[in-house]
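Listed in TrEMBL:
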COMPBIAS  284-293  compositional bias 'Basic and acidic residues'
COMPBIAS  294-305  compositional bias 'Polar residues'
DOMAIN    38-526  domain 'Major facilitator superfamily (MFS) profile'
REGION    273-309  region 'Disordered'
TRANSMEM  38-60  transmembrane segment
TRANSMEM  80-100  transmembrane segment
TRANSMEM  112-131  transmembrane segment
TRANSMEM  137-155  transmembrane segment
TRANSMEM  175-203  transmembrane segment
TRANSMEM  215-234  transmembrane segment
TRANSMEM  334-352  transmembrane segment
TRANSMEM  384-402  transmembrane segment
TRANSMEM  409-429  transmembrane segment
TRANSMEM  435-459  transmembrane segment
TRANSMEM  471-491  transmembrane segment
TRANSMEM  503-521  transmembrane segment
Amino acid sequence: MSSAQDNERERASGVVPLEEIERNGKPAFVLSLTEVKLLGIAGVGFFLDAYDLFIINPVLTMLQYRLYGGNALPVGLHGFVNAAANIGSVIGQFTFGYLADALGRSAIYGKELMLIIFATIMCLTTPTGSLSPNNSLIYLGIFRIILGIGVGGDYPMSASVTSDRSNLYKRGTMLAYIFANQGWGSFIGSLNTVIVLACYKHVMNDEGETSKADGVWRIVVALSLIPAFATLYGRLTMPESKRFTEARRIAENQEVDLEKEIRVLKDVGHGTEGITASSSRSGSDIEKEDRVQESTAPSSQQVSASPEAIATKKEKAQIGEFIAYFSEWRHAKVLMGTCICWFLLDIAFYGINLNQNVVLTQIGFAGKTGSDWEKLFKVSTGNLIVTALGFVPGYYATVLTIEKLGRKWIQIQGFLLAALFLGILAGNFNTLSHAAFIVNFALLQFFFNFGANATTYCYPAEVFPTRFRAFAHGVSAASGKAGAIISALAFNALSQDIGTPAVLWIFFGCCIAGAFFTLLLPEVKGRDPDLVLAQEIREAKANSQVLKGVS
């Protein structure tokens, strides 16, 4: 298929060809209607991710009043419920990441959202009136693990689906747009809590029925079902992308001429300059051929995706291909970099954001005085302020600059500046004024999100070949969630044992280490991993021919 034919087809379907976009000087963050539709379908997963994961803070605060008369939750159960969704996320990221590569995106996409919907409904059925307080928390925690499996599955699914369908020159922008929904999910979740609490003011505050908080958290959680149901059909009916279909066909047929492979990859949106790290601007817009399903099923024959193994073996299981590819240090070090950076980032990021009671105390929104309703409302308002200060703006700074500054630069400066503000907070924790604490915390959140929190998501979706993209992304994301689990379970206990400032110094060290491990990663701006792999295959075949000639 020629580039001219691609352009004619795109014009016929209402999409402006990439070459014309570039000539018109439109920046990468200006999206077509097709791209907006894709973002709507894929982005809702990250909206729900943040909504469901971060909403647990006000939910647990309300359950204190419903189950324990306003007293603190048991430390162990508090940590379990806080960490439950992240525990499930690890399972979902591994499982859905592998299945998306082995069975195809279209066969799996949407199943993770069905799991989120089921688990959310089951969380709503928590029988706080018939179970003991402790058992109610256990019930909630179990279904939050299932919820986490669905949320975790969305990470590799939405990342690979978006990356497979994106132009090379705006791939990072599309991924950053997807991830920015995490900020909106947290913000809308906090806003919904404030609004519903305000609606319950009369019955809870004037009439003194504090137990009605049980209805507040159920309504807030139930509202997350609206965007889930709204996008479920779009996910379940999304066809396979041409790019993934071609990548799988190439992997299954070891006899394909490599020059022809490269031409095919170009036709589905790649550029030959992507073999190097230099910027390449070749590619089609969101692929309209996705409207038509492939008429023939792919062959069951598989070969190893390691460059040497591709040239010599005919059949290998998907997991075997993955292991063979990453058995080479040049590939393993990249996976190591994405995993370790995400792990270190989430220790600090989730340590702060899953335990915002410490922050709320410092900014005067701890909810220690007033009626029970006033305490809840003050805490919820504080959560909204914390989210609005730096959470959402940081994501869009990444969206606007990722194609100019590059992923590596944003990640390193994000880690280092987050470390700076963590150091300020740790060193002056008990002496900073409310205003100074708010400014430093807002800047910390800003550089988490205009930094490693966004790029650790983008990197695995851009640096690995299509054939292994989802599973590698799942492995990387699971490493991050392991860090989040550690923070969720250990933060409160560590804060009591060694003090909050010491815990913040630990987070400081994690960010410094994250900047160092980012050096393992290549810059992926304009880099096409499929063509990098094709070049490696070419070199492996050439070396094989040389060895045969010598022998």
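Even glycines carry a Cβ here, placed using N, Cα and C.
Keep in mind that TrEMBL annotations are predicted by a computer and have not been checked by a curator.
Predicted, not measured: the structure shown is a model, and the values here were computed from it.
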Contact between the transmembrane segment (409-429) and the transmembrane segment (471-491) (3 or more Cβ pairs under 8 Å, separation 6+): no
Cβ-Cβ under 8 Å with the transmembrane segment (175-203): same-chain residues at least 6 beyond its ends: 29, 31, 39, 42-52, 54-55, 58, 158-159, 162-163, 166, 209, 212-213, 215-216, 219-220, 223-224, 353, 373, 376-377, 380-381, 383-384, 387-388, 391-392, 394-396, 398-399, 402, 449, 453-454, 457-458, 461-462
Recorded stretches the transmembrane segment (435-459) and the transmembrane segment (38-60) touching, at least 3 CB pairs under 8 Å: no
Sequence-remote partners of the transmembrane segment (471-491) [C-beta within less than 8 Å, at least six residues beyond its ends]: 79-80, 82-83, 86-87, 89-90, 93-98, 100-102, 152, 155-156, 159-160, 318, 322, 326, 335, 338-340, 342-351, 354-355, 456-457, 459-461, 464, 503, 510
Rounded mean pLDDT for the residues that make up the domain 'Major facilitator superfamily (MFS) profile' (38-526): 82
